[in-house]
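Chemist: Handing you a structure now.
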């Protein structure tokens, strides 16, 4: 059985690998990310930070950070899936790009606008038979659950 520190390091690298794959889909395959996709990448990056923190200091702080980042990612992916399930006549109109929104609006308004969704978030691209938001939802649930339980385990307490 791997140590909690090793598991945290591997999971952190896994989160970075998922971000790298998203960048490959963007730069090589030409799939432009919608704002919700970018926010999901940020959630994976935050999870990676807490996993690497857990590799150095496993315990409750790492578990809490991983859990919060995973829950935010689950919420974003769930919202994304909901937007993709809407009938075409109920899909929100396409909005401005994230770069424009960040340069023009206060951050609180940017979050509200992104979470309300846009037409580009409703486009469905499949990878290995599932939509990308469904894959991210699965990854957030699996990696987040493993990270939280591993960092709250007795072995994590012993590793401190």
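Just so you know, glycine gets a Cβ as well, placed from its N, Cα and C.
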Chemist: Looking at 38-57, 98-117, I want to know which stretch TrEMBL calls transmembrane segment.
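Modeler: In TrEMBL, residues 38-57 carry the label transmembrane segment.
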Chemist: TrEMBL tags one of 6-26, 132-152 as transmembrane segment - which one?
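Modeler: It is 132-152 that TrEMBL annotates as transmembrane segment.
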Chemist: Under DSSP, is residue 34 (disulfide bond) helix, strand or coil?
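Modeler: In three-state terms, residue 34 (disulfide bond) counts as coil.
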Chemist: Could you tell me how many residues in the topological domain 'Cytoplasmic' (1-7) are helical, how many are strand and how many are coil under DSSP?
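Modeler: For the topological domain 'Cytoplasmic' (1-7), the helix, strand and coil counts are 4 helix, 0 strand, 3 coil.
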